[in-house]
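> The alpha-D-glucoside binding site annotation in TrEMBL covers Tyr109, Lys111, Tyr128, Asp135, Glu304. What TrEMBL lists as disulfide bond is Cys105-Cys137. The feature signal peptide is assigned by TrEMBL to 1-19.
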Amino acid sequence: MVAARFPLWAVSVLRVALATVYFQEDFLDGERWRNRWVQSTNDSQFGYFRLSSGKFYGHKEKDKGLQTTQNSRFYAISARFKPFSNKGKTLIIQYTVKHEQKMDCGGGYIKLFPADVDQKNLNGKSQYYIMFGPDICGFDVKKVHVILHFKNQYHSNKKSIRCKVDGFTHLYTLILRPDLTYEVKIDGQSIESGSIEYDWQLTSLKKMEKASAESKDWHQATEGKSQDWEKHFLDASASKPSDWNSELDGDWQAPMLQKPPYQDGLKPEGIDKDVWLHQKMKNTNYLMEYDLSEFENIGAIGLELWQVRSGTIFDNFLITDDEEYAENFGKATWGETKGPEREMDAIQAKEEVRKAREEDEDEQMMGRFGGRENIFKGFHNRNEL
C-alpha cells in the first residue's frame, strides 16, 4: 500500500486550518486600526499612539505599528476579540516591539485582559490575566516580565529573563501549555522554559489551597459520624482489682472515661483519615483542581505602560493555540523585514558619519579663513597707526 503524498503547500494549508487564531493584528489597512483599538480616556494626560514604521525599517508598510509619541507619559490602549477559554489548550502570545529611541526607562510589554474590561477607563488598576514583554529602566532593570493572575493575586516568574536593549525590532513569544510547562522566546529562539508551578513560586500556594480543600472535605465526610461518635470510651490503662470475684461480682469491665472534643489526631470510629486521603488523591482531577495557567474569559489585549522617552513601535500581535502557526507568522512578518531593517539602519549610520565629517571639515575651513581675515584686519589697523 502506497502512502498518500501531499505537496508542501497543502500541508501548510492544513496546519492553518487546524490552528485557532483568536487575535491577529499587523496594521496593513492604514488608519482603519482606529476602528479596532480604543484609546483610554481615564486620564487626560495619557500619551497618544500613531501608526508609523519609524525612522528606519525593513518595509515601510509592513513595519508600521502603534508608536508612542509623547515623552514622560502613561499609555493605555486596547483591542477586543471574541472571548475564549484556554482550558486544556496551549496559549501563545506573540508580538514585535522596537525601541528605536534606545529606551532609557519604560515598558514594552503587553497585557491580556478579561472580556469585561472597561476599555475607555483602562488604567494601571485594571485587572489583567497575563503581562508579558520587556521592561527597561537604567542599568538595573532590563528584563522580560511574565506575570500571571492566579487566586486574585499577581505572580511573577522568579527567573531573571533578560530582554533586548538595542534599537531594532524584536519578536517576543510566550507559550503556556496545558501540562503546566511554559516557554519564552525572543526572535524565535528559546531563552527560558520550565514549570509554571515552580517557576512562579506557586507550589506553596497550591499546597495551601489543596490542604484547605482536603481539610474541608475531611470534615464534611466525617461530620455525621463524628456527631454519632460515642461520648465515652473504655479506660485501657485500667486493670481488674485483685479482690475482684467474677462469680460474685460478674464479668469485670474497665471504667468508662469522657471523650474529649474532636480535634486533629483523633479519628471518628470507622474512618481512617490517612486511608481516606489516599483514596481521594488517587483521582488525578483532584490533584489538578487548581489550574495555574487557565483563564476562562480572555477577551482583550492592550498596552498599559509608562515611558520616559517615546518612540517604541508595537506590531504583529498574535494570540493562537498553535505553536507552529505562531512560528510561521513570526517568520512571515518579522523574519522577512529584520534583515532589510538593519541594512537601512547601517546606511543611515554611514550617511550620518559622512555628514558629520563634512560639517567638521567645513568648520575647520571656516576657522582657517576666519584666522586669515583677522590677520589682514590687524595688518590694516597697524598701517593706519
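The chain as shown is numbered from 1 upward.
Backbone N, Cα and C define each Cβ position, glycine as well.
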> Long-range same-chain neighbours of Tyr128 (alpha-D-glucoside binding site), Cβ under 8 Å, sequence gap at least 6?
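Counting only residues 6 or more apart in sequence, the Cβ neighbours of Tyr128 (alpha-D-glucoside binding site) under 8 Å are Lys111, Leu112, Phe113, Pro114, Val117, His149, Glu304.
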> Measuring Cα to Cα, how far is Tyr109 (alpha-D-glucoside binding site) from Cys137 (disulfide bond) in Å?
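Here the two Cα atoms lie 13 Å apart.
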> Can you count the other CB atoms that lie within 10 A of the CB of Asp135 (alpha-D-glucoside binding site)?
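For Asp135 (alpha-D-glucoside binding site), the count of other Cβ atoms within 10 Å is 19.
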> Can you give me the residues near the recorded alpha-D-glucoside site, meaning same chain, not Tyr109, Lys111, Tyr128, Asp135, Glu304 themselves, Cβ no more than 8 Å from the center of the site's Cβ atoms?
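Going along the sequence, the neighbours come out as Gly107, Ile110, Met131, Phe132, Gly133, His145, Ile147, Gly302, Leu303, Leu305.
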> State the count of C-beta atoms found within 10 angstroms of the C-beta of Tyr109 (alpha-D-glucoside binding site), not counting that atom itself.
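For Tyr109 (alpha-D-glucoside binding site), the count of other Cβ atoms within 10 Å is 22.
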> Determine the C-alpha span of the alpha-D-glucoside site listed in the record, that is the greatest distance between any two of Tyr109, Lys111, Tyr128, Asp135, Glu304, in Å to the nearest whole number.
17
> Looking only at Cβ atoms, how many others are within 10 Å of the one on Cys137 (disulfide bond)?
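Around the Cβ of Cys137 (disulfide bond), 15 other Cβ atoms lie within 10 Å.
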